[in-house]
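Structure, as structure tokens:
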Amino acid sequence: MSKIVKVIGREIIDSRGNPTVEAEVHLEGGFVGLAAAPSGASTGSREALELRDGDKSRFLGKGVLKAVAAVNGPIAQAVIGKDAKDQANIDKIMIDLDGTENKSQFGANAILAVSLAAAKAAAASKGMPLYEHIAELNGTPGKFSMPLPMMNIINGGEHADNNVDIQEFMIQPVGAKTLKEAVRIGSEVFHHLAKVLKAKGLNTAVGDEGGYAPNLGSNAEALAVIAEAVKAAGYELGKDITLAMDCAASEFYKDGKYVLAGEGNKAFTSEEFTHFLEDLTKQYPIVSIEDGLDESDWAGFKYQTEVLGDKIQLVGDDLFVTNTKILKEGIEKGVANSILIKFNQIGSLTETLAAIKMAKDAGYTAVISHRSGETEDATIADLAVGTAAGQIKTGSMSRSDRVAKYNQLIRIEEALGDRAPFNGLKEVKGQ
């Protein structure tokens, strides 16, 4: 038995300089797992609760000492002596002990950190890499693939201090034959984009996820400068590289309308905004749009799915918040055709795996994702490979908190070789 003998929680700092929870899980035999919870900026209202202290005298109220105390106290007491290899049981113990619908007693940040640390410790005790252990937990032992990255090279919305409404403009290096080649192509386009922006006298400072955050004349201009950079890098848009966007539309949804500051404060209805996006897909090879409407606008999402769902991937992030109850409703109503997977929206590895399985069983794709507040923890790389999810969103080609995930994927690809195919555009719904 891989018995848990010690659990340690601590407050560490994330990529935005805010505190987050790190957990260590120690097993018999000296095996240790270490994991940290990420944190979002544009968050869905139905996400599991991230517990913050609210004490304005520390970290402007963002301390996580209460969550850390939960790890070191009741959570540790409950899981010590239990088998770390039984992930479902470890997670159930913590969820039941918390006793709330949204993990607000201990905080999803506390429960998730322990959940992931336990998985890492269990993998170590089995003498296998984390991705291999995750594949076993997923009921798909030995089944791996390398994910197609969505690289967020222009940041707007809540991730940047600029006038661009749409939160993420991403490139997907679909012409690559391997993950490593995809990273190289992404890096080359990223550097050419800096040159394009500089030549236009635009800012090349980066946002939370490592993409550039220039002030632009419109949202379409972001796509235009990316197209220029792709060409300058020697690649063909639509063949070597496709585009993806995260609208994070809840952030500019006001009084039932979608108000775009970057389009001269123009207000759109749900239908009008869907057609605004449809027009962009006709001008550029956009194959994936995330949160194209507000999380509460289910009628609008149904319409958007009818208009665009057979042509492109429509990803629900704030819409589904990695929650199987909400995803089930979406599947039944024919809303979206893909789910974004974020550990900390739901708060445990077991529930995350359940959401991925439900999506795949329904013919939806699952896109594994970072948060805008990250750490050096690269667990999502192992999750993407170990569930053969097929797609990953982990930022741009700068900032160590983003690059850590790409580097881990490069290592995993090297270790697995032909056992983990890179399927490129075939992974994207509708392509």
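Each residue, glycine too, has its Cβ placed from N, Cα and C.
Taken straight from Swiss-Prot:
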ACT_SITE  E209  active site, proton donor
ACT_SITE  K342  active site, proton acceptor
BINDING   Q167, K342, R371, S372, K393  (2R)-2-phosphoglycerate binding site
BINDING   D246, E290, D317  Mg(2+) binding site
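Among the recorded positions D246, E290, D317, K342, not one has a Cα within 10 Å of the Cα of S372 ((2R)-2-phosphoglycerate binding site).
A separation of roughly 10 Å, to the nearest angstrom, links the Cα atoms of Q167 ((2R)-2-phosphoglycerate binding site) and the residue listed as 'active site, proton donor'. Secondary structure at S372 ((2R)-2-phosphoglycerate binding site), taken from DSSP and collapsed to helix, strand or coil, is coil. R371 ((2R)-2-phosphoglycerate binding site) is surrounded by 28 other CB atoms, counting those within 10 A of its CB over all protein chains shown. Taken residue by residue with DSSP, K393 ((2R)-2-phosphoglycerate binding site) is part of a strand. In this structure, the binding-site residues Q167, S372 were compared by how many other Cβ atoms lie within 10 Å of their Cβ, and the smallest count belongs to S372.
Listed in chain order, the extra residues whose Cβ falls within 8 Å of the Cβ center of the Mg(2+) site residues D246, E290, D317 are Q167, E168, M245, C247, A248, I289, D291, V315, G316, D318, L340, S369, K393. For the recorded positions E209, D246, E290, a Cα-Cα cutoff of 10 angstroms around K342 (active site, proton acceptor) retains nothing.
Closest in space to the residue listed as 'active site, proton donor', of the binding-site residues given as D246, E290, R371, is R371, taking the CA atom of each residue. Packing around K342 (active site, proton acceptor) is summarised by its Cβ count: 25 other Cβ atoms lie within 10 angstroms of its Cβ, all protein chains included.
Here R371 ((2R)-2-phosphoglycerate binding site) is positioned 11 angstrom away from D317 (Mg(2+) binding site), judged by their C-alpha atoms.
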